[in-house]
There are 4 protein chains.
Amino acid sequence: MSTGFFGDIKKIEYEGPESTNPLAYRFYNPDEIVAGKRLEDHLRFAVAYWHSFAWPGGDPFGGQTFERPWFGETMENARLKADVAFEMFSLLGAPFYCFHDADVRPEASTFAESAARLDEIADYFAEKQKKTGIKLLWGTANLFSNRRFMSGAATNPDPDVFAYAAATVKKCIDVTKRLKGENYVLWGGREGYETLLNTDLKREQEQAGRFLSLVVDYKHRIGFKGTILIEPKPQEPTKHQYDYDVATVYGFLKKFGLENEVKVNIEQGHAILAGHSFEHELALANALGIFGSIDMNRNDYQSGWDTDQFPNNVPEMALAYYQVLQGGGFKTGGTNFDAKLRRQSLDPQDLLIAHIGGMDCCARGLKAAARMIEDKALSGPLEERYAGWKSAEGKAMLAGKRTLEEIAERVVKKKIEPQPKSGRQELLENIVNRYV
Amino acid sequence: MSTGFFGDIKKIEYEGPESTNPLAYRFYNPDEIVAGKRLEDHLRFAVAYWHSFAWPGGDPFGGQTFERPWFGETMENARLKADVAFEMFSLLGAPFYCFHDADVRPEASTFAESAARLDEIADYFAEKQKKTGIKLLWGTANLFSNRRFMSGAATNPDPDVFAYAAATVKKCIDVTKRLKGENYVLWGGREGYETLLNTDLKREQEQAGRFLSLVVDYKHRIGFKGTILIEPKPQEPTKHQYDYDVATVYGFLKKFGLENEVKVNIEQGHAILAGHSFEHELALANALGIFGSIDMNRNDYQSGWDTDQFPNNVPEMALAYYQVLQGGGFKTGGTNFDAKLRRQSLDPQDLLIAHIGGMDCCARGLKAAARMIEDKALSGPLEERYAGWKSAEGKAMLAGKRTLEEIAERVVKKKIEPQPKSGRQELLENIVNRYV
Amino acid sequence: MSTGFFGDIKKIEYEGPESTNPLAYRFYNPDEIVAGKRLEDHLRFAVAYWHSFAWPGGDPFGGQTFERPWFGETMENARLKADVAFEMFSLLGAPFYCFHDADVRPEASTFAESAARLDEIADYFAEKQKKTGIKLLWGTANLFSNRRFMSGAATNPDPDVFAYAAATVKKCIDVTKRLKGENYVLWGGREGYETLLNTDLKREQEQAGRFLSLVVDYKHRIGFKGTILIEPKPQEPTKHQYDYDVATVYGFLKKFGLENEVKVNIEQGHAILAGHSFEHELALANALGIFGSIDMNRNDYQSGWDTDQFPNNVPEMALAYYQVLQGGGFKTGGTNFDAKLRRQSLDPQDLLIAHIGGMDCCARGLKAAARMIEDKALSGPLEERYAGWKSAEGKAMLAGKRTLEEIAERVVKKKIEPQPKSGRQELLENIVNRYV
Amino acid sequence: MSTGFFGDIKKIEYEGPESTNPLAYRFYNPDEIVAGKRLEDHLRFAVAYWHSFAWPGGDPFGGQTFERPWFGETMENARLKADVAFEMFSLLGAPFYCFHDADVRPEASTFAESAARLDEIADYFAEKQKKTGIKLLWGTANLFSNRRFMSGAATNPDPDVFAYAAATVKKCIDVTKRLKGENYVLWGGREGYETLLNTDLKREQEQAGRFLSLVVDYKHRIGFKGTILIEPKPQEPTKHQYDYDVATVYGFLKKFGLENEVKVNIEQGHAILAGHSFEHELALANALGIFGSIDMNRNDYQSGWDTDQFPNNVPEMALAYYQVLQGGGFKTGGTNFDAKLRRQSLDPQDLLIAHIGGMDCCARGLKAAARMIEDKALSGPLEERYAGWKSAEGKAMLAGKRTLEEIAERVVKKKIEPQPKSGRQELLENIVNRYV
């Protein structure tokens, strides 16, 4: 039975590129076969519970703008929220969702009671998952909103907060496992600092390393098969967040010997805040072997904070999915819309429309990327560019079979004077524009 | 015999804080004992050859503004340049200098001839070092200005460029060793990319790793005792430089097993471009055990490129030297002024005045930092803040003697509900202001 | 009778630079005569009601951290808040305060009732002002927090919101006049847009111009003698705010013929967000004749949002007050601390300590600036630099007494080939460092 | 007779969207009628002489990469450069070009001789214009590269530099008029400051105002019918440029009474550096009545300097041309490619390919914009959003027929409590995506 929140809107259908129906897909046809796979299985869309159902529309200068019938800290409201959420997942045909503990149940006055509430809601979700076929892409714990975490969770100066955070994560992994979540995400929103003046950086990194090791050990002990994912972000709310970007996370994992245990969940907006393009972070994660999943959104290029907007620039998304596909596509990961409505978008329809637009852009981008790969549009020229390294000497140098002296001697003897060749950037950009 | 370039200016002397003589030190008294060590031995100032003697004053929108008698691509000019440079080092009482091959000798038409010219100048330097007592802080190779390096040096798609770069670095290490340089620096100005469309990120990182391994092996083989330093920078001239920041370099070193062989040379301006504070990069390098040396300058906070200005904000420098001292101070490293005159500062005096101001600010900053350490002004509150981790349970958790389950169980049993404590940031900021 | 909120802390006294008492001034001695005026009369400090008493410590990723006995939407709480506020003003010896309507009274369900509550609190304030001698620097209306303003106040697409905003401002000016406020401020936090796609830029600027004209007309009609101030900010919460920076506000005022009626209240953090230095905005406002007042805080240079921190960098503040003093100092304006505690600074003492540090830095900066002016440390070299314009020809050209042809003819005839002179930036920076 | 520089490449033809020929247009069909006008007449493409023919490929860390047969400071080379330039204009079918004096002739040792050389080249251009039908979109003077301008041109502390700059601009306007240029541009690359410490902001703005007035007077006196355009840029090479952005230029024009005489030439990259979107600057210029022309390029969103890349993101360009068309399209202005090859793009073909890609993206963007306008895709919803202002009361308020008191009284009497309506941003974004 419908909650009525979305009125009489029916399941969103694919109508093709010419459709002008705002409540239809123009590019996302889940069953379309692209590069040998259903589009749905490529994209693995997930809806983020927090932005769409828990966020009231506030910003640092204003409060709630949305008026949702489920707002209010009761379990009844929590169930109504779940009803509407699963209704929306179904309307959209989104195969996955993601949540934090704090999104789905009101916090209680004790840890134990909060945990009990989470279990109760998890049961409710389990039923709904069964009924709808919708799956959990990942679960996670909110270790940043409550004031107890104001100075960090794992990296808090108070070991009791570390313990509290550990207990919370254990609970959330348990629930994620029960709901057959395919991943478990850690975003360290408060794992960083406001000022170095009151921060012992080295100690806090040790705490973070220990925490992650505890999580990995636990996962194995209980047989959770999902992937543990870290989500990098450079800052906000903190001045500096320890999981700054993909490269930083990689170094951290190496330091604690976890590089084969943990992967990254990369968000477009976080990449931008860190001074990178989204495709850079994706390419780097592939290169380092730690690519896991993506949080799809876009940041406003003129705003210095995380705007978490629904994506809408297809050429940019084609480049992102190009990297995803180059790395072999998602395994346990997927495309989570970590995107929120603009706070002026008050209507229930806006929630659907935003997701429809985002899903369509992703589909369009991925299809373009798949065609580029099929045509070797970029990989052909790339192979040619690096062809010199296939020479015997190139291979020997790279394999470590030459010393610096030997290489230097050869340069002098052979009078090597390399001549630069065009990088052809504009040509390659034009080629991409054939596909988008 | 003086070149006359600086007119009749005499050696810059320390005159104390009240001096208004623009050609005197107000805070830098080399022989002053601070925290048990001569100030000169703490700060280990070095002058950068390139900015002060090789840079013509150009920017992307205009050409040469400086008119120096040694400009022009002859060996005679190179010697005159060296004469003036050592004159300036002596006038300033700067104990060290740093150079790239390209700063000190005109490039020839072949590698061999360029190398011969470098040797010739190195002999000239060796004499001057002997005569003046001035030492080489570090040498380095310019692998970014010549068009042959436009697509990278170690990470070039053409293995011949890799080879040419390797030969160049070998030569520069040889010269650095001969001149008793205390470090050798690698700054990968072109080791990055303009566009991912023509870039094989993974391959290029392998090339970079191989290159650095070659350098480290060579260093050991020839018995060079100096430290190998990588200088991180996020971008500029490239869109993305592989040695983005300290955290990125650390991950890279770990990947190639070089974290005990190579340290970092951290530049204030590069830290800023990467979205960090200078003190962050210093603190992180200390925490990761890879701190080596610093390039002291400042970036304009309102400009998005590397402005390489002489430092002038004492409170900021106190925080930087606080981190340096907390890490035990410089070993082989030092304070290199990687700072250039503004291009409108045409007069020979400006060169001296800029360095005097920079050295004075550093001295003032370091002295403030030393007093903060002596007084435990920050470390006292810090210890107090993390005191909880000295508890048995805190230690056990951090040491890995508790599982996630055990920690969680304790939270429930003990009904742990952590109460946040003030971070006292403003108090600590006020305390710092007592020292600067 | 004290509320007890600050415990037994007594009035903050000046103890001089050597004091290590965290609850004493080291530089702010209100009665000290600087450049012929009491320091208190120079600086005209004001405390911002909102940050210190109404803000709960939330950020986009977390909720309330502060626990204040006056939190809660009742008039009783509003009075307790006022009690503590005036207690703090008195403890600090701050001569002024500033407030929005929304800071001081709970919003009611109708406009009329909200207005009545404001009147009630205004009466309460009036009494306290009389008793303590503390004055109102400026009043203002909060036209951005309530959801009715989500799409703008004066620039809302709905004329009813324009009307509502107008009624609110009228009420707030009335109250400001009654409390003898010396200025009235308009900050257009929602006067801007999230997307041009739904925005009629031209129309909205017309609305803003009309709104401001209404305010100015009203001010004259009721005989309010205070200054009307606009506070520029480039963005946040909006993607683009119409009062972007000082230059933008000037153009806007000129467009609507209000440049002699309205001045600017310049905030350090807003200057930084707009890509300017604080001193730039101050210098520009002076040059354009629209300087009014300042909101003193600092923004974190590595964060892309408004961090509103208490100022702590004395050299920067010296440059800011140098501009203020160069323009003749404050008339009706003053130094309002539009700065908030870090959300981890939970203790009542932190409120005092933050203000003490800020006031001390301001005092130290202003005193340095005054000495620079007295010594003509910067103005002397400046006069020399532009001396050529005192020549007959220079004056004639600038006065419009030469045509382009005449000037060109003279260049050719006199064979003018100008020779650049050193800009001596480093020397001037060193000179400033003698004062800070 | 061809110079042979471009080999045997023939005139670039339109081949339609399916073409994979890198040397053909896929969207730019000059004769295609869009919204009642030929595409060529809409877009009015111009090639920038400087980037394509005078720039050697240098950046702050490296020198020349391009090897062009015309490089070298002789008049013979200048003519060869002109030959190749007009060859390229013809191959592309670009109807316009733009140049600075410094791009087209080597500087001589006196002003008079430099001017004579400019005349000589102008004659050469005149012939070529006649022969090819190619026209001059705008001329301009390079008042930033030579060291004489290092401290500004019009705003120089030395009145002789002001005079020299005036003479130069007079000469360039004369030549522009002779070549029937449709506009004359002033970009004040050095009209700004490096440090406020040596800058008299107010005086320099007076100088700039006088300079512009001289130019406008001269234009009228000689009967030059073209438009005088100012090109805003916030900074680079200076720390702060006086013509920061459109809003700043507007205020400046108003201050000197020139707002009806001068318009703006808006560059995408400069908009981005100023913290704006390109479409913002266009919309604002339209709203203020000062829109003139555009410099089309793109800036890298992750780089903090002016990257001047060829545009390649069609959705962004559609939004830009939407604003251009909304303002009635170009009058004397046009689309100048102020874009340069990446310095690794060494081949002559790259020059063509870059322009082809850029022109195609512009054409594609403009066609999408025209269809959006035709369909009222955005203007329909916009009209609806502001419909309330068509009410009698709305009109009266905006027309100034209500006082603040009257408005306030009505709010109270009518118990106005405005209810917010959805801003529908995501819907509008999805609608745009139907067109791009």
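Sequential numbering from 1, following the chain as shown.
In case you wondered, yes, glycine gets a Cβ from its N, Cα and C as well.
The Mg(2+) 1 site recorded in TrEMBL includes C:E231, C:D295, C:D338, and the single candidate from C:E204, C:E259, C:E267 that the record places there is C:E267. Around C:E231 (Mg(2+) 1 binding site), a 10 Å sphere centred on its CB holds 24 further CB atoms from the protein chains shown.
Excluding C:E267, C:H270, C:D306, C:D308 themselves, the residues of that chain whose CB lies within 8 A of the CB mean position for the Mg(2+) 2 site are, in sequence, C:K233, C:Q268, C:G269, C:I272, C:L273, C:D295, C:N297, C:N299, C:T307, C:D338. In this structure, the CA atom of C:D103 (active site) is 17 Å away from the CA atom of C:D295 (Mg(2+) 1 binding site).
The record gives C:E231, C:E267, C:D295, C:D338 for Mg(2+) 1. Within 8 Å of the mean position of their Cβ atoms, the other Cβ atoms in that chain belong to C:W187, C:K233, C:N265, C:I266, C:Q268, C:G269, C:H270, C:I294, C:M296, C:N297, C:N336.
Residues near C:D306 (Mg(2+) 2 binding site) in space but far in sequence (CB under 8 A, at least 6 apart, same chain), listed by position: C:K233, C:E236, C:G269, C:H270, C:L273, C:N299. For C:D308 (Mg(2+) 2 binding site), the nearest of the recorded positions by C-alpha distance turns out to be C:D338; the candidates were C:H100, C:E231, C:E267, C:D295, C:D338. Local packing around the recorded positions C:D103, C:D295 was summarised as the count of other Cβ atoms within 10 Å of each Cβ; on this measure the leading residue is C:D295. Under DSSP, C:D295 (Mg(2+) 1 binding site) is assigned to a strand (E or B) in the three-state scheme. For the pair C:D295 (Mg(2+) 1 binding site) and C:H100 (active site), the C-alpha distance works out to 14 angstrom.
Here the C-alpha separation of C:D338 (Mg(2+) 1 binding site) and C:H100 (active site) works out to 12 Å. Within its own chain, C:E267 (Mg(2+) 1 binding site) has C:E231, C:P232, C:K233, C:I294, C:D295, C:M296, C:N297, C:D338 as residues 6 or more apart in sequence whose C-beta sits under 8 angstroms from its own.
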